[in-house]
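Trainee: Below is one structure. I have some questions about it.
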């Protein structure tokens, strides 16, 4: 007979490794230039495909949240698995047949985004319910593997599938099937165990004013809460900056490497094939760095979040200064970096702050609005990056295309690193795109202002609740009217027979 502790550990490990399947969307930037070249897409087209993945992740949030809250983890896990596996095999088939259809490519990425959110919602709620006393750390582990997924797959791509995008896409699809077969049973068992707890919890209301009692707002009242809109705006600004970089770094690498080779800076001129290899290798390298930093940021946010709340009694919102100030620094770096050899620093910092943001935000939502409708509430907040991410990534693609020329008319085609006749290539280095970072720098400053407003308000709220709890006189009722004490776990009265 397996002990309860062992079962909980198995559930945590299963949810953690399922996080690998959720983060594969971040791989897109490592093969997007090759996909665009094979299917004759422009940089704007490639950015549009990436945005559909982001929209899929966000739009599925409230839907997956409702499914998890009402139907449990199993249904959401099954839906997510079918969508994400179908997306990768569909994209592989389109790539193999060189069938250029932007809407089809977008549909496959959109399905991958949807599937990622359905699986992630199951894992987050499962961990939060299984480990209520260490919610921050427990939820940070699957989120950490979510962020580490891109590194895991990009390393495999560079070692076993160098330049072989088709077989790599097939490998991703098959590996997700294997992970689901191994890890899903533990989550399904936890689903059956948690169902009676959820039904009991719905009848139980906590009375501690410093718990999330005031934040157990009904979903219908969520939109009337000013704290919700502040969290929504902060998530939208910080996450969209990270997503724009993640989906566009492949083109940043291509521009910087092409410029460096064309001008003979640090690199001896090489053939087209060698140039393509250098570009794709560095694209995968940047994705790997983003993934490592993303993972570290998610784990760090979980540990620090539990630490400051349990040791100092401070709200987790104080930690939002870290990614907001950090993202401001990365926008300056992205604007000024001219040599691709310096790009890893930017990728590491961007991944760190992006991962920190996307791990601390669900926990803050749980703290403020409770766990009864946690998946739905977080799903609504996760919609925030859709429009800013769409705008910034689209603008990046438009700026890049406006600075590009046809490789067929360029005598330095070999130096440019483009093998497709008539394809677009930009020879201007960081000037191909850096004007976008003037805009995103202003947005990062706005995020600092919003975090300041939220943190000051949250601290005042904490202070008032603490003060009220300390000085409010206790009014005793008559002995006959005093309710017997109940066990918070079994909800049975401890009343002895008189």
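Every residue gets a Cβ built from N, Cα and C, even glycine.
Annotations in TrEMBL come from automatic prediction, not curation.
Feature table excerpt (TrEMBL):
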{"type": "TRANSMEM", "residues": "9-28", "note": "transmembrane segment"}
{"type": "DOMAIN", "residues": "10-193", "note": "domain 'Nodulin-like'"}
{"type": "TRANSMEM", "residues": "48-65", "note": "transmembrane segment"}
{"type": "TRANSMEM", "residues": "72-89", "note": "transmembrane segment"}
{"type": "TRANSMEM", "residues": "109-131", "note": "transmembrane segment"}
{"type": "TRANSMEM", "residues": "143-162", "note": "transmembrane segment"}
{"type": "TRANSMEM", "residues": "168-192", "note": "transmembrane segment"}
{"type": "TRANSMEM", "residues": "228-247", "note": "transmembrane segment"}
{"type": "TRANSMEM", "residues": "318-337", "note": "transmembrane segment"}
{"type": "TRANSMEM", "residues": "349-369", "note": "transmembrane segment"}
{"type": "TRANSMEM", "residues": "375-393", "note": "transmembrane segment"}
{"type": "TRANSMEM", "residues": "439-462", "note": "transmembrane segment"}
Trainee: Pairs 6 or more apart in sequence, C-beta under 8 angstroms, 3 or more of them: is that satisfied by the transmembrane segment (9-28) and the transmembrane segment (375-393)?
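Mentor: No, the transmembrane segment (9-28) and the transmembrane segment (375-393) are not in contact.
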Trainee: At an 8 Å Cβ cut-off, counting only pairs 6 or more apart in sequence, do the transmembrane segment (228-247) and the transmembrane segment (375-393) clear the bar of 3 or more pairs?
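Mentor: Yes, these stretches are in contact.
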Trainee: State the non-local partners of the transmembrane segment (143-162) in its own chain: residues 6+ outside its ends, Cβ under 8 Å from one of its Cβ atoms.
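Mentor: Sequence-remote neighbours of the transmembrane segment (143-162) are 16-24, 26-27, 30-31, 120, 124, 168, 171-172, 175, 277, 280-281, 284-285, 287-299, 302, 351, 355, 358-359, 362.
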Trainee: The transmembrane segment (72-89): which same-chain residues, six or more beyond its ends, come within Cβ distance under 8 Å?
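Mentor: Residues 18, 21, 24, 64, 108-112, 114-123, 125-126, 169-170, 172-173, 176-177, 180, 184, 187-188, 190-191, 194-195 contact the transmembrane segment (72-89) from elsewhere in the chain.
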Trainee: Restricting to the same chain and to residues at least six past its boundaries, which positions have a Cβ under 8 Å from a Cβ of the transmembrane segment (349-369)?
Mentor: 124, 128, 135-136, 139-140, 143-144, 147, 212, 215-217, 222, 225, 227-228, 231, 234-235, 238-239, 241-243, 245-246, 289-302, 305, 309, 315-317, 319-320, 322-323, 326-327, 329-330, 333-334, 377-378, 381
Trainee: For the transmembrane segment (168-192), give me same-chain residues lying six or more residues beyond its boundaries with a C-beta closer than 8 angstroms to one of its C-beta atoms, as numbers and ranges.
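Mentor: Residues 7, 10-11, 13-15, 17-18, 20-21, 24, 27, 31, 72-74, 77, 81, 84-85, 88-89, 91-92, 95, 122-123, 126, 130, 153, 156-157, 160-161 contact the transmembrane segment (168-192) from elsewhere in the chain.
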Trainee: By a Cβ-Cβ criterion of under 8 Å, what residues six or more beyond either terminus of the transmembrane segment (48-65) are in contact with it?
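Mentor: Those are 25, 28-29, 32, 41, 76, 79-80, 102, 105-107, 109-114, 116-118, 120-122, 243, 247-248, 373-386, 389-390, 393-394, 397, in sequence order.
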Trainee: State the non-local partners of the transmembrane segment (375-393) in its own chain: residues 6+ outside its ends, Cβ under 8 Å from one of its Cβ atoms.
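Mentor: Same-chain residues near the transmembrane segment (375-393) but 6 or more away: 47, 50-51, 54-55, 57-66, 68-69, 117, 121, 124-125, 219, 222, 228, 231-233, 235-237, 239-241, 243-244, 247-248, 361-362, 365-366, 369, 436, 439-440, 443.
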